Amino acid sequence: MESLFITFPQHEQKKRKIEKKKEVVEEEGSGDGMDKEEVENPATDAWLMKNRKSPWAGKKDGLQTELSEEQQKYAEEHARKKAEKAGGEKGEVVAEKTTFHGKEERDYQGRSWIAPPKDAKASNDHCYIPKRLVHTWSGHTKGVSAIRFFPKYGHLILSAGMDTKVKIWDVFNSGKCMRTYMGHSKAVRDISFCNDGTKFLTAGYDKNIKYWDTETGQVISTFSTGKIPYVVKLNPDDDKQSILLAGMSDKKIVQWDMNTGQITQEYDQHLGAVNTITFVDNNRRFVTSSDDKSLRVWEFGIPVVIKYISEPHMHSMPAISLHPNSNWLAAQSLDNQILIYSTRERFQLNKKKRFAGHIVAGYACQVNFSPDGRFVMSGDGEGKCWFWDWKSCKVFRTLKCHEGVCIGCEWHPLEQSKVATCGWDGLIKYWD
């Protein structure tokens, strides 16, 4: 009769060995006659058996009741820091003030000072590139980080200063500062009007976003996540003007319902601070750019990226503008060029169009279009404002506008040959 040899696979053999040993240990251990050396050597199975504890076994037996002085100190310190953080998590609180600088807030007909002039309409549809300086607004004590014309009419211009103030200036008549809005404790990074210009948003480095009444200067509401907002936008649809989007330093785009003050959505896919938010496709979608050197396209209200654009050669794009025909996006790229992306389904880079010559590396210089779409313009790091022809991509003209960086430039919505620029020298200039 042949003897049967069963060979177990190796891991099975090991398992059996351990189990056998266990049995031996348990038998020996039942009389507590465990091999003392084995039990005291943590490398052995015997030690493991004796000291084995289920991970759920309470830590009751060895509970240390008194904290040592040092631990106590640490715990208190930790609690204090946590409380401080919770307090300082939201933006800093500042008393909000506003000053009206005009003659009167209502004229003899009872019209508000922000009412657009009756005769304001576009003189012609053809835009010309300005040649000379016609006015300088000075009043900010530090650099001006952004300017925005009053929507549709452009009779007022709003400016965000690094001196924590936001000011609004008269464009058509006196050319004076009409109102100063003080509600931030640090530099103001971005400003944005609502569609009819009666209200606007400000985003400050004090981590606050404020929603202001343009006419009275009252703060309607304040929003904060405890992170720095880099860009603020309202949904451009007239029926969604209560929806605020903000691109944050913690990589998120946060959406608030301003009526309730609740955060209704978070778009959280970027890998770096979010710099721009641009609505496209009849405001159904929006494009965001970030320090992570990518562009992402989102369906409004749905926190899933529908298009992700990131190429090895891409640089960060801190400023983006929509072409007046809304088929193209111009993106200021930090390798000193302006790239053009289509806003149609594919969001492809238009390889035939790129605008270069200016030096913007390191600065979020705004890029913009003339209202008729024939010219592209951008400030640069050396204080110049550049104008290119949209069709040929050739440089049309450069103006030396500011000492230091020319950060913002906007074309007047109605007066086709007028442009405003702002710079880190604290000035806002108006060109014709």
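Any Cβ shown, glycine's included, is placed from N, Cα and C.
If you look up TrEMBL, you'll see 1-92 marked as region 'Disordered'.
The compositional bias 'Acidic residues' annotation in TrEMBL covers 25-40.
Marked as compositional bias 'Basic and acidic residues' by TrEMBL: 70-92.
Summarising the annotation, TrEMBL assigns repeat 'WD' to 137-171 (among others). Packing against the repeat 'WD' (137-171) from elsewhere in the chain are residues 102, 114, 116-117, 120, 177-197, 200, 202, 204, 206, 212, 214, 366, 404-405, 407-408, 410, 412-415, 420-430: each is 6 or more residues past its ends and has a CB under 8 Å from a CB in it.
Among the features that TrEMBL reports, repeat 'WD' is placed at 181-222 (among others). Panel annotation: around the repeat 'WD' (181-222), residues 90-92, 94, 96-100, 105, 112-114, 142, 145-146, 148, 150-153, 156, 158-168, 228-234, 236, 238, 241, 244, 246, 258, 261 of the same chain, lying at least six beyond its termini, place a Cβ under 8 Å from a Cβ of the stretch.
Across the repeat 'WD' (267-299), the DSSP tally of helix, strand and coil residues reads 0 helix, 19 strand, 14 coil. Annotation source TrEMBL lists repeat 'WD' at 267-299 (among others).
In terms of DSSP helix, strand and coil, the repeat 'WD' (399-432) has 0 helix, 18 strand, 16 coil. Under the heading repeat 'WD', TrEMBL lists 399-432 (among others).
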DSSP-derived helix, strand and coil totals, residue by residue, for the repeat 'WD' (181-222): 0 helix, 23 strand, 19 coil
Sequence-remote partners of the repeat 'WD' (267-299) [C-beta within less than 8 Å, at least six residues beyond its ends]: 228, 230-231, 233, 235-237, 240, 245, 247-255, 305-310, 314-322, 326, 329, 331, 341, 343, 347, 364
Positions on the same chain near the repeat 'WD' (399-432), where near means CB under 8 A and six or more residues out: 120-138, 140-149, 151-154, 157, 159, 161-163, 169, 171, 363-366, 368-372, 377-385, 387
Model confidence over the repeat 'WD' (399-432) (mean pLDDT, whole number): 90
